[in-house]
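Student: Below, the features straight out of TrEMBL:
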DOMAIN    238-397  domain 'SSD'
TRANSMEM  241-259  transmembrane segment
TRANSMEM  271-291  transmembrane segment
TRANSMEM  297-315  transmembrane segment
TRANSMEM  335-356  transmembrane segment
TRANSMEM  469-490  transmembrane segment
TRANSMEM  670-688  transmembrane segment
TRANSMEM  695-715  transmembrane segment
TRANSMEM  727-748  transmembrane segment
TRANSMEM  760-785  transmembrane segment
TRANSMEM  797-819  transmembrane segment
Amino acid sequence: APVLISILLGASFSRYQVEESVEHLLAPTHSLAKIERNLVDSLFPVNRSKHRLYSDLQTPGRYGRVIITSFRKANMLDQHHTDLILKLHSAVTRIQVQRPGFNYTFAHICILNNDKTCVVDDIVHVLEELKAARSSNRTNFAITYPITHLKDGREVYNGHQLGGVTVHSKDRVKSAEAVQLTYYLQAINSLNDLVAEKWESIFCDTVELFQRSNRKVRMYPFTSSSLKEDFQKTSRVSERYLITSLVLVVTLAILCCSMQDCVRSKPWLGLLGLLTVTLATLTAAGIINLTGGKYNSTFLGIPFVMLGHGLYGTFEMLSSWRKTREDQHVKERTAAVFADSMLSFSLTTAMYLVTFGIGASPFTNIEAARVFCCNSCIAIFFNYLYVLSFYGSSLVFTGYIENNYQHSIFCRKVPKPEVLQEKPAWYRFLLTARFSEDTADAEETNTYESHLLVWFLKRYYCDWITNTYVKPFVVLFYLVYISFALMGYLQVSEGSELSNIVATATRTIEYTTAQQKYFSNYSPVIGFYIYESIEYWNTSVQEDVLEYTKGFVRISWFESYLNYLRKLNISTGLPKKNFTDMLRNSFLKSPQFAHFSEDIIFSKKYNNEIDVVASRMFLVAKTMETKREELYDLLETLRKLSLTSKVKFIVFNPSFVYMDRYTSSVGAPLQNSCISALFLLFFSAFLVADSLINVWLTLTVASVEFGVIGFMTLWKVELDCISVLCLIYGINYTIDNCAPLLSTFVLGKEFTRTRWVKNALEVHGVAILQSYLCYLVGLIPLAAVPSNLTRTLFRCLFLIALVTFFHCFAILPVILTFLPPSKKKRKEKKNPESREEIECVEMVDMDSTRVVDQITTV
């Protein structure tokens with residue numbers, strides 16, 4: 001049934017869809033920045049902003065962008081490079097997009113100026129004027145930074161268009177190591193958007209072709225589609241690495257279940273355990289496809305979530321099978337396996353469903369995290385059902401093969417030892433088996449000790465880790481672990497950089513690196529929007545507005561206008577009538593303020609007065625290398641200021657959509673999952689046999705999570721969407737592996753702590769070690785994938801597995817030998833008045849070959 005269900009649901013891949021919107025996935029779903037963007041779009045549509053396209057003021061839209069620099073740090077403003085840049089500009093404007101019946105050029109799809117010409121970056125005009133000045137041998141032409149003047153009298157901001165700038169006195173540019181050009185496109189309908197998307201693709205090809213013909217310069221193209229393409233590219237570049245991972249896991253899973261005894265070896269169960277996990281993952285993917293869900297690259301982590309949980313459950317069942325008596329019927333052995341292992345597996349599965357279920361709830365504000373948790377929940381639920389049915393049936397089938405003394409691989413009846421003696425050596429090697437009639441009763445329970453891992457743990461490791469001389473070194477090592485984890489924990493940083501989730505050898509990474517290197521002196525352009533009608537003619541209002549923007553580089557005509565008003569009458573304030581007359585007559589007709597109408601919204605009243613209902617100016621902050629963190633702090637500062645200021649204003653930049661509430665949105669799934677896990681552990685303490693199990697489990701989870709967060713920070717992994725999902729998984733992975741060990745130890749009676757630590761390791765250590773080895777081998781190929789997303793995924797999952805393994809096989813076995821619960825106090829006290837009579841009966845079998853001592857309590 002599981003196979004048929006998986007095949008039927010897997011057929012839904014014909015409806016396979018990919019999520020196109022990166023903002024929908026990674027930007028906080030509910031944020032103030034999105035509301036502010038809608039307000040800005042309603043007040044100042046993009047078609048009003050023909051001269052305000054410094055940094056995609058409202059919406060990224062469609063655009064092509066290129067950074068031009070030199071390998072030798074040459075001056076990009078010298079004659080050779082100026083001509084080269086203008087030549088590239090000419091090539092870009094001649095790009096044609098062929099459509100049936102018409103060829104579109106840049107002039108057909110660009111944003112138009114008032115004179116019906118394409119709006120281009122002001123740096124192009126600067127370079128053209130620089131070239132003209134050189135042609136006419138004029139030496140008085142100077143470029144200032146970050147604001148320069150054109151020959152038509154306009155002031156233009158070039159802080160984002162000139163990079164690596166060296167200046168003379170009075171901000172005159174001496175040289176610039178990089179130049180950035182941007183080409184904005186219209187996307188007003190579906191056809192226009194389709195043509196613009198195709199134009200972006202040809203734009204990148206044109207720039208790369210131009211790069212090959214000019215080897216001395218380096219060009220970094222980037223478009224509005226680059227982030228989306230590079231985000232999904234991770235899935236494509238990961239395919240062969242995932243196949244390698246699958247082959248390695250299959251090989252090791254088969255080896256972990258194999259032993260020299262060809263009857264008791266279970267290689268098929270290793271393969272079928274992995275198949276169980278695969279079927280559950282396929283079923284979940286089919287359900288997501290049928291319900292209209294869309295695939296994204298973060299889903300690459302789901303197979304590894306399933307691998308850690310599913311394989312451990314199957315290996316634990318196999319370990320329980322080894323503890324059953326071989327003389328029992330297969331039904332009885334299977335019942336004993338389910339009674340021994342499925343209780344803990346059910347509880348850990350419930351923990352997965354609770355923690356990931358909280359992550360899949362509407363409380364999660366990041367869509368990528370929500371759909372990841374939702375898909376994981378479905379896969380884990382079906383994995384539980386398939387372990388009960390598919391893997392359970394497989395265990396029964398191999399049990400019958402074992403009881404019938406058939407070969408575990410070829411299912412052929414294994415001949416008796418006397419028959420094997422007549423066969424060749426290779427034949428005897430393949431059919432080596434131990435028969436029950438050849439084994440004494442005292443040795444009957446040790447038939448599985450020929451398994452390498454069982455033999456290693458029982459004969460060597462358990463005695464070594466509980467040795468008195470080893471314990472101090474383990475404790476010391478744990479203190480070192482805590483110290484380094486604390487050092488990393490204090491340096492945790494939130495990662496909202498979108499380059500952290502794309503493939504490495506991509507345009508996004510190259511462009512972002514170049515932009516950070518050459519254009520990090522100034523922040524992106526921040527729009528400062530006043531959305532109420534205020535007394536602009538009032539001197540105090542003018543001073544308030546300029547005070548709020550103090551410390552910024554103001555790059556709008558509106559700021560010049562306010563300064564102009566202040567110069568007219570700084571002491572008494574400009575009367576409202578004069579203000580209205582100025583707007584209607586001389587001011588708006590002045591060439592100096594020709595584009596002022598783009599920054600204010602007028603409203604005419606009944607008496608022909610003009611009122612300003614909204615206005616804007618543009619601000620740029622001086623930043624350091626940590627531009628992202630400074631911009632986030634700047635956003636928070638301006639937000640707080642807008643709540644207390646006399647003037648109603650908002651600030652906006654498209655990057656605010658990703659940063660707004662990002663820290664709380666990313667941390668919320670982890671926080672909610674931790675709370676739900678603690679809640680479940682607390683209430684389950686009243687259901688389990690001993691509440692100390694939950695106490696120890698909570699402490700272990702806290703220790704593992706603390707260490708993983710600290711060490712991933714030291715390994716240069718930031719707290720972003722991917723790492724938070726891994727930390728949620730870390731909670732469950734720790735409980736998966738540590739709960740059976742702690743349960744066996746805490747519930748043990750009569751013997752010493754050390755004896756029960758050894759017993760817990762002998763019973764559950766093999767399953768933990770098997771799943772850990774398979775999981776680690778599956779992770780290794782992930783480290784080679786050329787992607788920042790998979791790099792984060794590998795480092796976090798590797799640390800989770802390593803730290804959990806360290807706790808299971810070193811920390812807990814040592815600490816539990818000298819911390820509660822005490823085994824001496826847990827002995828059942830006997831009533832001296834009620835004495836037990838013991839009768840020893842000696843029983844001799846019919847053939848008088850063996851004597852069995854049976855002790856019966858009467």
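Cβ atoms are placed via backbone N, Cα and C, with glycine included.
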Student: Need a quick answer: max count of Cβ pairs under 8 Å to the transmembrane segment (760-785), which of 241-259, 297-315, 469-490, 695-715, 727-748 is it?
Tutor: 241-259
Student: Checking distant contacts: for the transmembrane segment (727-748), what same-chain residues at least six beyond its ends satisfy Cβ-Cβ under 8 A?
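Tutor: Contacts with the transmembrane segment (727-748): 301, 305, 308-309, 312, 316, 344, 347-348, 351-352, 355-356, 359, 373, 376, 669-670, 673-674, 677, 688-690, 692-693, 696-697, 700-701, 704-705, 708-709, 755-757, 759-761, 763-765, 767-768, 771-772, 796-797, 800-801, 804-805, 807-808, 812, 816, 821, 823.
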Student: Report, as numbers and ranges, which residues of the same chain sit near the transmembrane segment (797-819): CB under 8 Å and 6 or more residues beyond its ends.
Tutor: 301, 304, 308, 461, 465-466, 470-471, 474-475, 477-478, 481, 696, 700, 703-704, 707-708, 711-712, 715, 726-727, 729-730, 733-734, 737-738, 741-742, 745, 753-754, 757, 760-761, 765, 768-769, 772, 775-776, 779, 782-783
Student: Is the transmembrane segment (469-490) packed against any residues at least 6 beyond its ends, judged by a Cβ distance under 8 Å, and which are they?
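Tutor: That would be 706-707, 709-714, 806, 810-811, 814-815, 817-818.
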